[in-house]
Amino acid sequence: RLEGVGRRCAGRVEVKHEGQWGTVCSYGWDIKGAAVVCKQLGCGSALQAFWSAEFGRGSGPIWLSSVHCQGTETDLSECSHEEWGKHYCGHGWDSGVICSSKESASSLPLRLVNGSTACSGRVEIQVQGTWGTLCDSHWDISDAHVLCHQLNCGFAESIPAGGHFGKGIGPVWRDTFHCDGTETNLEQCPVTALGVSPCSPDSNAGVFCSGPSGSLRLVDRGNRCEGRVEMLLHRMWVRVLDDQWDLNDASVVCRQLQCGKAEQAYNPPKPERGMGPVGLRRVQCAGKEARLTLCNTSLPEAAPAGIAEDVGVVCSGDAGSRQVRLVHRAGRCAGRVEIYYNGTWGTICDDSWDLLDATVVCRQLGCGVAVALTGSAHYKEGSGKIWLDDVNCSGDEAALWDCPARPGGQHNCRHGKDAGVVCS
């Protein structure tokens, strides 16, 4: 598949192996490899091959490296390559391609940047190979609806004020879209490109999309990984009812939300029950499914109308309970590094702190790359726990807590050595 711009025929090359999607190292990558990908996807011929994560860095394994194709193969795996998973690459070398299919050749490459989910963020457009932000001077909810639909992100829930998702680092595109909300992509909307007013780099368009149909959320407990289950269905958040709700069902919810393991499956007490429409009235999961919609489910009209109760889950929060932030900074992307763990915010000791460690923080926050690091409490001393010491990242980790470090919050530090970072 091709990822990173919301189009089927252009983007970062990803392959699925052993049930997991991963990327292709651009060592050895050329137009012949790109041609095989385009042919395999039914996307015509290759117009251009890309190196160095042109369509954004992927995550997970790097499955292929040293790929050498003749261009006549029908499947990328038929080309010569290193054994699966063997590489000397980081995700900064992920390969990409643009194919000749009209679907991609006539469509603007789009992406959302700096959001907390894949379906929220600053709107960026690639023009002649350069990514830039979209001016928000005439950006409205109808334009945002079209963008969300185009990126398979449901519908637009809201559009925040310009600059909400941070300042972009490329040019500011001043084109104004005039969508009525029914178009399938932004290129179908009338555009004003000439005579538009100048736009500040801080005045960029952003959007919070609902996410694709079937998305889940947990409500009423003030915790992303605990609460009553609701599902997005037909552009509306709906309730899930089940009087035989169990840990197998809850395990699927926690997995889909990346909230660790299911600790409890429950039916909320009456004061916590929902009042909105019902989307599902029975769920029977084996416990291994990736999404709740892959379980044996019943829509309200297909299930008995007898008594059924709202459902809730408590997840361990392995993914959701740990967070990272930058404190005492002029902008969102510079400051003292703090980690939230076991319900408490704490700092990081600057012992062994280097640009590879800082790079992981910047990428995790959607703040570009690390341009400088600080120590000795440059951004003032923190308080509370010192969660990490002797951090030793390779630079490819998805999160700071994936890096080697002293175990269990052990350290020989004081807050006068709190670490910080400046991101691009």
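In case you wondered, yes, glycine gets a Cβ from its N, Cα and C as well.
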Candidate in Cys79, Cys89, Cys189, Cys199 joined to Cys135 through a disulfide, as TrEMBL lists it: Cys199
Recorded disulfide counterpart of Cys413 (TrEMBL; options Cys333, Cys349, Cys362, Cys367): Cys349
Recorded disulfide partner - Cys254, candidates Cys179, Cys189, Cys315, source TrEMBL: Cys315
Disulfide-bonded residues listed as Cys38, Cys99, least Cβ neighbours within 10 Å: Cys38
Selection from 110-210, 216-316, 324-424, the stretch that has most Cβ pairs under 8 A to the domain 'SRCR' (1-100): 110-210
Site with most surrounding Cβ atoms, counting all protein chains shown within 10 Å, from the disulfide-bonded residues Cys79, Cys148, Cys254, Cys285, Cys413: Cys254
Distance [Cα-Cα, Å, rounded] between Cys25 (disulfide bond) and Cys79 (disulfide bond): 14
Site of maximum Cβ density within 10 Å, from disulfide-bonded residues Cys179, Cys209: Cys209
Same chain, 6+ residues apart, C-beta under 8 Å of the C-beta of Cys315 (disulfide bond), given in sequence order: Cys225, Glu226, Ala250, Val253, Cys254, Leu257, Cys259, Gly260, Lys261, Ala262, Glu263
Site of maximum Cβ density within 10 Å, from disulfide-bonded residues Cys199, Cys349, Cys403: Cys349
